[in-house]
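Undergrad: Pasting the relevant annotations from TrEMBL:
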ACT_SITE  1180  active site, glycyl thioester intermediate
COMPBIAS  20-29  compositional bias 'Polar residues'
COMPBIAS  1224-1238  compositional bias 'Acidic residues'
COMPBIAS  1241-1252  compositional bias 'Polar residues'
DOMAIN    875-1212  domain 'HECT'
REGION    20-44  region 'Disordered'
REGION    1222-1252  region 'Disordered'
REPEAT    370-421  repeat 'RCC1'
REPEAT    422-475  repeat 'RCC1'
REPEAT    476-527  repeat 'RCC1'
REPEAT    528-579  repeat 'RCC1'
REPEAT    582-633  repeat 'RCC1'
REPEAT    634-685  repeat 'RCC1'
REPEAT    686-737  repeat 'RCC1'
């Protein structure tokens, strides 16, 4: 029977492929083209008609080129409506395809006598109707037509292929033919591709010789049948189809318009990988296939780790190279880390858990930009993925580190990174096209400059205050882009460019260095000549005049000298250069003495700075109105404008001759960079020093106070930094040096990781490097993989099993991919979302005896917010902070953030205290036994439409918590988080929350009672749901008997494994409005919980690290007492304290998640006598105001009272009333304008207030 069914399927497929009914196969594409090149003064026209087509698709040739607007090609539909007019020299003018309804199009081409081009060529493809609706046809017609639906139902590879191997090539060929059949519906073609892929990877697929299909006819006389040639055509055409599909989809995915590649692309790329097309000559060499080779490696390693099969040799060699970088000299290389016998899935998962939960135990990077630290101004995302608009301490930037850049340089709110393989990435402010990625959009993660990705870039130049850029290629060509006033791009005009464009007039001259100022540019040639162009005012170009130059012009005054370094200033700018005879030259504007020759005179030709001659200067730099020189011996000289302490001499005086920076004496500086108003440098010992302006935290000391002299950046001690870079007000530092030791290794394996106890620490480190390398390979390719889980279950082909993979991918890589999408979709142009009115007073009134606040909990704050969600536009949910602004009815508060945080805290409380019907306590919690007693599950009984919308709102809340970095205090059981992350429940998960359920089933299954005894027990055929209701499992059976007990156990387990599916789907639907839910397939339940809820523990060291103090020194005894009291608080009290000062109950997970927000402790003397006053808080500003208490006991008593009894936000001055009943003195602090905003004050407990 199996053979017969298989034969039927293959015959049916062959019939579908050869079915020429209604001439569907006879419709071939039509090509129309001009002459090449076309002639002047022509006017031609024509018509293309493909009978039977329901639409036409028009694709243009890449070579298309006509004179813009002078020589247009007009495309019209069948009724002469103009669909598109095409002309231009760029591929972007022609690249978008056209779709025209109907079976006819008309075209017209007119050329005048202007310059001509190659011409044009387009191909018209018919869009044929899929087979008509079957119900319109007669029975005989339906039966006589070949049917794809029949095959999709019947074809199963468990059919007996082994007994009939000869049918495999026919099956493969007919599937290939159907996959290429444009007349078939897309779903049928996809099905054919997936089945073909599955077939080719079975043992039977090995009988199909792919290489022979790809090779030319190798002398065999046996002619391939039609179906054989269809398979050959598919495989032969696959590389080109794949590359074209990639070129079309990649910019869309990178640009954030689509989250993932199309299902069609995913099947194509997986099929090509299975066929090992990456080793073919056409794919193995060229750089344009590098993406495919990376995908194949990532896919094979992921499948090998999922199936525990041998890992690819090339991958293991790359890992071995990384291990050698980290190995101590005394270590021997072994291969324990490659063994799947030692490292099974549970070992890998525990190892990654250890790495994710205690990252400080391990040091895994060795040079090559291991960790890149960024800090300072980040409002436009110019730090490349670090969270927060103002970052005041050096923070690791994962997205930059994964690029392993060889150069980083910052401009005016921008940052550029050049990688070792010559690629250029940009991040930050996009105004004026300054990023070069096309358009003026800002981006907050490093984005490839795609238009020059095939050019090997060596160096990029931009001024720290600059809005245009230069890039130098390995061929010595110079590209420029950005704003173009004054001709600073060098293209002979003043037109801005949003993509790099080569400077034509420098072609043929080998350029070795480039520099950019605010309004002018310069380059140095291999012969040591200097060219300048752009704004000429004040003689900054050195051509002895003040004329603007729109193209590069040789600086004649320096001929005879060999230029080795060049720097251009901004504003009223100067230019500096260094020649190989140890001379520094300066010219341009002389204000503030920035030319370094005393006085303020400018000059229009290069002149020497005599005081620097012979000092061995190796580098010159220009900041805003000041100049810097670095010598071979490591001395730093600065001169020019002195305010904001930018010169580092300890005063803000202007300095008119080069003066050595005394604060760096005795240190050998090896690298220095200038921002607009600040400087950073690093020494040969790997220490980093900063000075100057600090209003955006760009000096990295945790404050915004300017620094007068070079000060060590304490946070970077021991990081062996040897590279620094600056932008306008942002700073970066990193190390490229190999560490002397093997990095830090843990002394022992923590007790909780039981599977790792017997494995040597070195082998653990090496395995961790292997898993790290997998993450680095896999995470950039995520959009190309099918994230819906293993395809094996659906029988559609071998696949990466994400349930295995999510446990062994390193968190940083996954989170970087996830955050990249979140950042790219952030709406940053408003302070807050819609204003909502919430009534907390009605909640208590409406609480019924059943515990719910109003019908179905609709009167609760949660219910009120849920009802208001319909008024939220999609953009409101994508804000980086306050998604709504709150007005509490009857409570006077102006919400600057505190009211919003309070509403979220209130909602979390309501979800867990019975005011809403969405969550239930676990069965273990009801029975007071087992684990997870204090945790909650989604209620399977909440199925009404109102409940569905509430679950969707719960999903929105979870999404908001992830997007804004503001944790929720929700205690859901781990199985719930697993399901929300897209994992299926297991029997072990059921036992986690209901310890008696499985033993009860086992008792029924294994009971040795006789049939009569069993029936005497009279066990109903029901199962208790998670909420305790009895659910009837079958309409056939009413009681459990010996005969049906196996079925009962199966049905019971199946019910409990899937009882939450409907609720989980609703929550995920809500989350999808705010965050990229498909990417949650990469995370474990625990990781998702941490992203939403932060850590339930409140680590004081994290709170201390963001604390700043007003009106008191950090070392004062009052502050010491405060932290001692905080240390003594229980976790619950710390949570109450956080709610008191910030309206939240949990801290963000990391410093980065604070988004630049400080915890401010202000001590005021207006409270008199201090011991009669309570502390005050301003939740909007994360501000605590303390009286100057006399002793620690008083502080503790007042603080405890405040956090326990100050639950309502109000402005009725309770806390500002002296405890004797007298009003306090007027508040004259610098925060007085925030006085009545979100102040937390105690309830008016008058007996307490007056009882002292």
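Keep in mind that glycine also has a Cβ here, set from the backbone N, Cα and C atoms.
Whatever TrEMBL says is automated annotation, not expert-curated.
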Undergrad: Within the repeat 'RCC1' (634-685), count helix residues (DSSP H, G, I), strand residues (E, B) and coil residues, in that order.
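TA: Helix/strand/coil tally for the repeat 'RCC1' (634-685): 6 helix, 23 strand, 23 coil.
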Undergrad: Considering only the recorded stretches 476-527, 582-633, 634-685, 686-737, state which has the highest number of Cβ pairs under 8 Å to the repeat 'RCC1' (370-421).
TA: 686-737
Undergrad: Going by DSSP, how much of the repeat 'RCC1' (422-475) is helix, how much is strand and how much is coil, in residues?
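TA: Final tally across the stretch: 6 helix, 22 strand, 26 coil.
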Undergrad: Would you count the other CB atoms within 10 A of the CB of residue 1180 (active site, glycyl thioester intermediate), including those on all shown protein chains?
TA: 22
Undergrad: Sort the residues of the repeat 'RCC1' (582-633) into helix, strand and coil with DSSP and give the three counts.
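TA: Once the DSSP states are binned, the repeat 'RCC1' (582-633) shows 6 helix, 24 strand, 22 coil.
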Undergrad: Could you tell me which three-state DSSP class residue 1180 (active site, glycyl thioester intermediate) falls into?
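TA: Looking at the DSSP assignment, residue 1180 (active site, glycyl thioester intermediate) belongs to a helix.
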Undergrad: Over the repeat 'RCC1' (370-421), work out the mean pLDDT and round it to an integer.
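TA: Residues in the repeat 'RCC1' (370-421) carry a mean pLDDT of 91 in this prediction.
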Undergrad: How does the repeat 'RCC1' (370-421) divide up by DSSP, counting helix, then strand, then coil residues?
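TA: Each residue of the repeat 'RCC1' (370-421) counted once, the result is 4 helix, 26 strand, 22 coil.
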Undergrad: According to DSSP, how is the repeat 'RCC1' (476-527) divided among helix, strand and coil residues?
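TA: Going by DSSP assignments, the repeat 'RCC1' (476-527) contains 6 helix, 23 strand, 23 coil.
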